[in-house]
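Taken verbatim from Swiss-Prot:
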type: DOMAIN; residues: 174-272; note: domain 'HTH araC/xylS-type'
type: DNA_BIND; residues: 191-212; note: DNA-binding region
type: DNA_BIND; residues: 239-262; note: DNA-binding region
type: SITE; residues: ASP241; note: site 'Interaction with sigma-70'
type: SITE; residues: ASP250; note: site 'Interaction with sigma-70'
Amino acid sequence: MTVLHSIDFFSSSSAPVAIEARAPQSAFPEHHHDFYEIVIVEEGAGVHVFNGNPYTLSRGCVCFVRDHDRHLFESTDDLFLTNVLFRAPDAFRFLSGVGHFLPRECDGVYPSHWRVNGQVLQQIKCLIACLEHAPKSDRVEDIALHESVFMQLLVKLWQGCQTQAGDDQEGRLYQLLDWLQNNYSEAVEWPELADRFALPLRTLHRQLKNKTGMTPQRYLTRLRLLQARHQLCYSDNSVTDIAYLCGFGDSNHFSTLFKREFSQSPRDLRSQL
């Protein structure tokens, strides 16, 4: 597995933060690094496989990667990212309490993926632009100013995550996307789901396609296929059981869709492991 080292990304040993833009981000194999990373999705779509678990990416996704996490990007489609790198939450000279504004693992569950709305993405652009420039010098005041901008960015993201589930259409669409990520195996009737999240059905179709580049049904099918691939790799369940566990009513249809998506059948994938 590829290991990325901080010496290759930070401008100096004293620089607390580095910015790496990916415009666009192409597919990138599984890797980890000796620093922390905040991945901010500005445009496009793709799949982020984080510690073996697949997450679909779209505009407004924010991913928090620790120094012991492994991840990769695949199926990217005009995926524009900004990566904010920092050495560790406790590695700043003048900041404390950074961890309060980062995801916290609880009972073995790490909420690595957040969502923020377009307004927050716009607000943080100027902060990212400031962070792109290394501190003017190694003087304590320049380091302190640089670190203070990073803290502003963290607070903006944290506040944006807390408020993204607001009662406007964009907030309700984000709630729906999160619901699908966690309930992909359930039978979905789109008119009922639209009512549940107080979205007109046509608006749901239009906005979801605008956010993800896919129709709602295509998005759901892809979620299910990604989860099925994960189970094929990391569980002992049979192909038939996995098909049903991931929301497919027929294992033959599942195999057909899987081969169309990944250019190999579920059994072929299993045989390679």
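Note that Cβ sites are derived from N, Cα and C of the backbone, with glycine treated the same way.
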Could you state the whole-number distance in Å separating the C-alpha atoms of ASP250 (site 'Interaction with sigma-70') and ASP241 (site 'Interaction with sigma-70')?
10
Sort out the residues at least 6 away from either end of the DNA-binding region (191-212), same chain, that have Cβ-Cβ distances under 8 Å to it, and list them.
45, 56, 58-60, 169-170, 172-173, 175-177, 179, 219
In three-state DSSP terms, the structure that ASP250 (site 'Interaction with sigma-70') belongs to:
coil
Counts of helix, strand and coil residues, the domain 'HTH araC/xylS-type' (174-272), according to DSSP:
73 helix, 0 strand, 26 coil
Hey, what's the Cβ neighbour count for ASP241 (site 'Interaction with sigma-70') at 10 Å?
13
For the DNA-binding region (191-212), mean pLDDT (0 to 100):
93
